[in-house]
């Protein structure tokens, strides 16, 4: 048994071109590998050449057009993959998932297509969502084109406010090259289905602009595909609401508007920057390098394409554009323990006094958090010894884009022994000492979804334990300080309110322990009070395990954070955060608990997790999926400036073997140290047993720090 530890309409089209030979590597893990740049181009070219689709380039042109938004791998059905992996069946054909925005038709919609076979696609078919539901066009994710049009509409709409903004902030929108204003948008974009109106937080465009709101928030309606019909519906400035920019501008012109005057930002040591300032009290030298990770005898893991092997572990991995890291075919000691382990969603619910703050309910899959995997810095984001891997995404672009060093793999000394014991002889000596150093292999990527940076880790330990962990860092989502806002957060700087929010992260764990037929069981620990069998009249209070809860439905408890109750015209929460752990039967039409469309349609999302668990199916001896929610409440404080730090802001869970092995499998490691006295109890002569070299030797990474930071079309 393995334990989960939780700390908290188109028709088929076939062209005349015959399918070509597969270009995929021969390693079985390659059936799960992300699409190569050549495959991404082939899919886009094939779709663009289909006249019945009427596709136009993604960049430029009008919003009311048909275009390719996303292309990524469509993993093979599980039964087909297992037939190949476990039974020597045929290699599954590679297919792509393509998201098409059909905006240039009478009833605009979003349609998903399966395109294949790769590397030379010749056909496509519609991928229906569960229940056959269609995705309305207004639920689409934002694109670069829409952001550009949104900026143009905002600049034009707030032109009457330029004197106010210049006087209060020293920055502006009009004819701007320096000392410019910018904006951050929040979501959901409205209060009910069919809406697409967004509150925009106006900020000074300086380093760390997320911490520089100017006190103005603008509600702009942009549902119509024609930007000429977009309009500002409402404004909030310095704690008050206004019906139009003209109303606000007139009050300012008459001199009756209280201005939120901001001090001039300094040229250096801006509070939102990373520039060093101040000194540590102890005088600890920080101008020199600190401790580093090293590999004195070279790498102990093996990386072949998307196959990763370390100790007893073997797995395939990919970085999907839509939602991030995804592991497949996870094995220990050659035996599969999980078919899939993947990130599903990252959510942040906010509260506040300003309209933007109270409306913010971020669902980061809707912002394609997997494609927000920007370059990892060697020696900072990952150790110098790490292996770095590029990623290729085709998202809102007219070709694949390479994201340099988007993932890294490294072996990490944990700083604490995996096991150790000092066997005291209680005579001033010892019978023996033994210890095994603690190490883990880390697979890491990040998602920078505008202000927040999520660091995603999967850690493999030599004792058969797997840890999934996420750290939150980056800039807090902050709003302009008002006295009324103190109920919803902390004043973290003179004009800045750090808003209360809850982070929730959802994972999919498709466990296959000794096959696909698994059951779910819990163990309740209770205390019993019994008569002492060896002392009449005495009582014994002791813990007792009460195993054996399984069967139908979901066994779960409420998720860690408070819930947002549904009410008329109130944005309802997604269904997935209600449970620490939910266990369901696996279905091919339930691949994910959330979707890229839920952010802009949370009221009636195409994927409703609650439907996964309300079908009253048996979960005994079935192919099961565990859905895990972890999270934490973040009460921002001044120490979150300039950025939220990772200590104390990490959550995750463990997969641990439970009576699966005869003993701890890490006994296979040749890294323990055993010390035995040869002359007990004097202990003046010792026998030291090691199976590794006595000294690891010098260990310095010779290459200087380099960084590129770009992600460009190929």
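Here the Cβ of each residue, glycine as well, is placed from N, Cα and C on the backbone.
Ranges compared are 536-577, 578-619, 620-661, and TrEMBL records region 'Disordered' for 536-577. Residue 364 (active site, proton acceptor) is surrounded by 24 other CB atoms, counting those within 10 A of its CB over all protein chains shown. All protein chains shown were included, and the count of other CB atoms within 10 Å of the CB of residue 452 (active site, schiff-base intermediate with substrate) stands at 24. Between the CA atoms of residue 364 (active site, proton acceptor) and residue 452 (active site, schiff-base intermediate with substrate) there is a gap of 10 Å. Across the domain 'Copper amine oxidase N3-terminal' (140-240), the prediction's mean pLDDT works out to 97. With helix defined as DSSP H, G or I and strand as E or B, the domain 'Copper amine oxidase N2-terminal' (39-123) counts 20 helix, 30 strand, 35 coil. Each residue in the domain 'Copper amine oxidase N3-terminal' (140-240) gets a DSSP state, and the totals come to 31 helix, 32 strand, 38 coil.
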